[in-house]
């Protein structure tokens, strides 16, 4: 059953349901005040004032300091600051409700876009499953910080253009030939996403994986069982040259954007303090690795069970993990379960399930990489706002799991098929 494919009326109703749920989940924040980081980014930031030269937005970091200053936070998000400035002008000053209203509207739009994103990933005949994924995304509590904290608009805008970049790229893949304008447009949207928040550039990684799974249609089960499979597969893929060109555009664009981003910050690292991210300052590599892995566990746990939320996880909220710490058990459990999901995604004989699992996991992992401490030190221990985009991957994985369960329990089939 794919109810939303049968009638535009039902599709419109679906958008109404998603919009209503997304609005209801965060409407209570509408008349909230400026809080926490809002003070520095908005109240004390001259860049949002009409009297300040517009060019300053593109020369300063998120906090209003010169991006090349030694003490700069190095967070370059000029397009987000530009929206704050427009907000200020349209509302006639620093009226917090108008800033909150824009955040709520953005979340509603993104939630509706998530339905389209999930539909593209899941394929024809599964629009109902994609709908339930979007419903789950629209009300996920992990989004509280990104929506209710006005500075979280950076995450919302990055997600908006992240999804638009993905949807644009699917048009390039669908066209097979003469799709390069769509590919270039998807890169432009990825660039816009990055200038809203650094995390936005990770959409290019998602595009690369999507292209491999949906153009090459690599069956990893066959690849594992027969190494000659990949060479045979490449030879039989139509328009392989177009695929190679797309991959070249994506990879070279990602490299150029990363290089440009480092150039903007004068190839300097931000001067973070020990209290900002204690684990990253640990001299013992094993303690550092264990602490990072425990933080990964907490991020996943907050996605699965968001009943332990905090606006600031620094200042020793999460103690360092050493070799005799009992929390290592959770680290081991995390990697066993995560490894099982990856193994299942690579070895299942059902090609559709492979794509479901691998795309879902990619949506969780790849957007999280900039916050993982794997490539560079970040200025926080754990931040729920950076889970806004990864939560889409979890929602997709959950509804795909429910879909599988309904096939084993026919009584529930009418709920989700």
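Just so you know, glycine gets a Cβ as well, placed from its N, Cα and C.
Automatic prediction, not curation, is the source of TrEMBL annotations.
Features reported for this protein in TrEMBL:
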| type | residues | note |
| --- | --- | --- |
| TRANSMEM | 12-31 | transmembrane segment |
| TRANSMEM | 97-118 | transmembrane segment |
| TRANSMEM | 156-174 | transmembrane segment |
| TRANSMEM | 244-264 | transmembrane segment |
| DOMAIN | 267-338 | domain 'DUF1736' |
| TRANSMEM | 285-304 | transmembrane segment |
| TRANSMEM | 328-346 | transmembrane segment |
| TRANSMEM | 358-380 | transmembrane segment |
| TRANSMEM | 386-405 | transmembrane segment |
Proximity verdict for the transmembrane segment (156-174) and the transmembrane segment (328-346), three or more C-beta pairs under 8 Å: no
The transmembrane segment (97-118) in contact with the transmembrane segment (386-405), cutoff 8 A, at least 3 CB pairs, sep 6+: yes
Feature contact check the transmembrane segment (285-304) with the transmembrane segment (386-405), CB under 8 Å, 3 or more pairs: yes
Secondary structure content, the domain 'DUF1736' (267-338) (per DSSP, counts of residues): 35 helix, 0 strand, 37 coil
